[in-house]
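S.K.: My questions all concern the structure below.
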Amino acid sequence: QILGKVYAVLSDEKQRAVYDETGMVDEDAEALQDGRDWLEYWQLLFKITMKDIEDFQKSYTNSAEELADVKAAYMNFKGDMDRIMESVMCVDYTDEPRIREMIEQAIDSGELPSFKAFVRESKRKMMSRRRRVEKEAKEAKKTKDELGLSGENDLQALIKSRSRDREKEMDNFLAQLEAKYGNSAKKGEKKTSAKKRK
């Protein structure tokens, strides 16, 4: 919805001029009231498959962009490998030796400072991180198998599955509210009418 509003404002000359001049958006403007299904629009515009993601991962791994991201994460998190591994794209625990080597080379060449959290990280902390990510990887694989994700439209199937789950949760929530408050209201009515008869 937000992307839709941004797109509507930027693609409408009058709205854009108003925004450029005032920094404000007229929420009631006709350009923002076209009734378009923005979710469907953006999904059509940006069709992403698992192959697209895999291709990106191949081009990103060991690239200058990845190296820059690793260095930035190292600086941002002061050498905390837990947070570095969580923030760098497309890496899992099997990539840790490679990421460590990148950082060590940058420290040796003087590009990065030597943070204590990195150079003196305990074996126990390393093992704890490894166990945690291995567990997460198993859970992710189990979820993928349960959802039957294996073809070109994996991402689309996952989005639809998540959407169905949310609909079920909302239906359950509404049913619980109805059961809780609907029945109690009826019971209350019966008690009141019983009192009137007395």
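Placement of Cβ uses the backbone N, Cα and C atoms for every residue, glycine included.
Annotation comment: TrEMBL describes 133-147, 162-171 as compositional bias 'Basic and acidic residues'. Positions annotated as domain 'DNAJC9 HTH' by TrEMBL: 60-126. Feature annotation from TrEMBL assigns region 'Disordered' to 129-198.
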S.K.: Could you give the number of helix, strand and coil residues in the domain 'DNAJC9 HTH' (60-126) as assigned by DSSP?
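M.R.: Across the domain 'DNAJC9 HTH' (60-126), the residues distribute as 45 helix, 0 strand, 22 coil.
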S.K.: How many helix, strand and coil residues does the compositional bias 'Basic and acidic residues' (133-147) contain under DSSP?
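M.R.: Breakdown, helix to coil: 15 helix, 0 strand, 0 coil.
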